[in-house]
Amino acid sequence: MATLEPHHDHKASSSNSSSSGKDGLDKVELSDLEASPPRSLPVEQDLMQLARLGELRAVQKLFDSGKETAKSTDEQGITALHWAAINGHHALCHFLIQSGADVNARGGDAQATPVLWASKRCHLQVISLLLSHGADPLLRDDQGYNLLHSATLDGNLYQLLLLLHHPDLPVDVPDSQGHTSLMWAAYKGFPACVDILLRWGADVHAVDEMAFTALHWALVKGNYACIQKLVEYGSDRFARSKPTEGQTEGDTPAQAAVKMKSERQWHKALLDSGFDEHANPLVFPIPGVKDKRRFYKRFFFLWPFALGGLQLWMLATLPIFFGVPGVLIVGYALQFAVQKLFRWAPPDVKTMHKTPFLAGIFAGTLFWVGVRWVLDILPTTFSTNILMNVAFAVAYGFTAYFYTMTMTADPGYIPKGSSRGQTRKTIEELVEHAAFNEAHFCAACLIRKPLRSKHCRRCGRCVAREDHHCPWVDNCVGVNNHKHFILYVMCLIMGICLIIRLTIAYIEILPEPTELHCTLLKDELCAEFSKDPLTIITSAWAALQLTWTFMLLFVHLTQIARNITTYETMRGAVQAGPLTLAMTTGTMSVEGAQVDGLAAVPTPAISGGQGAHAGHNHAKNKDGLLSSWSKLLGLDTFLTIAFQGYKGSQNPAERARQRKSNLWSRGVVRNCQDFWLDGPVMQRKSEGTKSLLGGEEVDYAFVYDVPRPRAGMGYRRGGYEGVAQGDEGEV
């Protein structure tokens, strides 16, 4: 299938753009277009040079002299508007349009319009201006590419979003050889562009002149994400292209994958989308299951109940030399067997970390601790430790209650746009302020990003005042359930401390065992352990949780006092190790906590701190011995929260500057009052994105600038002047 051979040289200039391969996918329009015209006149008399430089007054003076007009062209038909557009001079473009420039003038070897020139440099303000003044997005250059094709070729998602919201631009408009934008995005390997085009209704069954579908072209590039998304959206898995010379019939996607050496990606995409390697639908082995996603969520939440109970029993009953290896072997074997079920799982629960398995581990532990207390500890110690048992019952009940509240509550999901018209208006406003980018607009939810929000890939939504995604509750911790999360951790710590004390009292009451069967313990310890091994093992497992829960609580209480979230804290740290993540989020995985991409977007909460430049810090100094061990042992987490790390603690002036730059803080007392007095404790808030800030209610779903404190609050004067230009609040 020679026509499917990929072409990797996309550097052909516009002057020789007419030469092309048979498939037409070896050309990229304007890829080598120069951003400046050749000089032939003095600058003050050269309209094209003045347009390139953006000299509006000089251009106006030239027009007033009558030597040039807005419609003047050079020998290639290029206008001043072309040069102003490709160099992003918005004001000059507006002036030229008002002076009568033709927004659809064709120029250059490629015979492209000014909006196509602006598209090659992704000048969104200029593109929007030209479109609003009549530029035709459907006009093609000499290769047959229109504005949508040009944006797709560059893979600029935000330019693509701007164009898709234009009412006069169909998503499936083909180029001169029948290639749609979806085919181009698939061929180039841009999964984000493929996703937005599919969500916009792009036709997955459209074919080009050779009857290739977008799926065929995705297999040429071999990008798994593009292939999987096309299969998920219903691409024809058996579509045949037109036969080439020497063929009796065309190629299916499977045959294309073999020729393009992308079989591995093809087969993985099929399996992840519910098909076998031959592209036939997989039949779920358990009959009667209608909602597979719900089945997997429930199964992997309840599975740790059984697995944990079995492992605790093995540790309590088997000799240590058999018990510990047996627990590991049995646990691994059962987990390996259970993971085979993922073959039939929907894409969003295809791996263990996408299921509520970790939440099930905690819930299972809570369940078995409760069983041991009800069946053994309570009947034995009730008469001697009444108050302690009552206290444990209260702590246990509140732990379960706040855990459930945290897990099931809406963490503060930001409402999505009600219509495309509303989204278009939002995009136009952001483009006007040069803020239509990843920092201010979520391409997944198609909404403007409020300050302190974050899009959670696990939940698939933007969360207001996002703290982190906690896999132990299988939910985000945000503005609406953060207090319940802290209360859950507090009650958990209290409950663990009480069950330890009750277990000791319980063991002291039990009679001495008649026989001892220990291998490593001394007789005294063996006698105590043999009284009730299962209860002791269960309580010891619960006691282990005190390590991370104490540190987690410390970190969060400190952050509450500073009115800063985990996401903002981690974004201010240059590097986050696994122990740091465990202390701040309860998981050692950056992906699991959803605090990756930390330095990509500045935040007023740490304005001017390390996070503002972390994404561009190429010169890395080697850490000293104390600093290295501080990170390794997790001690740096405490220093990070209190002093912005070990290095920050060595510089009091830097520490003070970083604290001063937190624009959300209203002082420790006021911050704590805002957190603990915000809404009912035992119930969910009626409005899930509102919270207190400085004693006043703020809706974090619509906060686009840092609210100024009320007069007389005692907050420092000029405290908001530290917001750097271009930060999230500057829209």
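Each residue, glycine too, has its Cβ placed from N, Cα and C.
TrEMBL lists 1-12 with the feature compositional bias 'Basic and acidic residues'.
Taken from TrEMBL, the feature domain 'Palmitoyltransferase DHHC' applies to 436-571. For the domain 'Palmitoyltransferase DHHC' (436-571), residue counts in helix, strand and coil come to 72 helix, 16 strand, 48 coil, using DSSP.
Annotation source TrEMBL lists region 'Disordered' at 1-42.
What TrEMBL lists as repeat 'ANK' is 76-108 (among others). In the predicted structure, the repeat 'ANK' (76-108) carries a mean pLDDT of 94.
Note on the repeat 'ANK' (110-142): residues 14, 17-18, 29-31, 33, 35, 77, 79, 81-82, 84-90, 93-94, 97, 103-104, 148, 150-151, 154, 156, 158-159, 162-163, 166, 168-169, 173, 175-176, 428, 431-432, 434, 436 of its chain, located 6 or more positions outside it, place their CB under 8 angstroms from a CB of the stretch. Per TrEMBL, the feature repeat 'ANK' maps to 110-142 (among others).
The repeat 'ANK' annotation in TrEMBL covers 177-209 (among others).
If you look up TrEMBL, you'll see 210-242 (among others) marked as repeat 'ANK'. Listed as Cβ neighbours of the repeat 'ANK' (210-242) (distance under 8 Å, sequence separation of 6 or more from its ends, same chain) are residues 1, 3-4, 6, 23, 25, 179-180, 182-191, 194-195, 198, 202, 204, 249-254, 256-257, 260-262, 265-266, 268-270, 272-273, 275, 279, 347.
Residues or ranges marked as transmembrane segment by TrEMBL: 357-374 (among others). Cβ atoms under 8 Å from those of the transmembrane segment (357-374) belong to residues 300-305, 307-309, 312, 392, 396, 399-400, 403, 407, 471-474, 499, 502, 534-535, 538-539, 541-542, 545, 587, 592 of the same chain, restricted to positions at least 6 beyond its ends.
According to TrEMBL, the transmembrane segment annotation covers 386-404 (among others). Packing against the transmembrane segment (386-404) from elsewhere in the chain are residues 362-363, 366, 369-370, 373, 377-378, 473, 484-485, 487-488, 491-492, 494-495, 498-499, 501-502, 505, 682: each is 6 or more residues past its ends and has a CB under 8 Å from a CB in it.
The transmembrane segment annotation in TrEMBL covers 485-507 (among others).
Marked as transmembrane segment by TrEMBL: 534-555 (among others).
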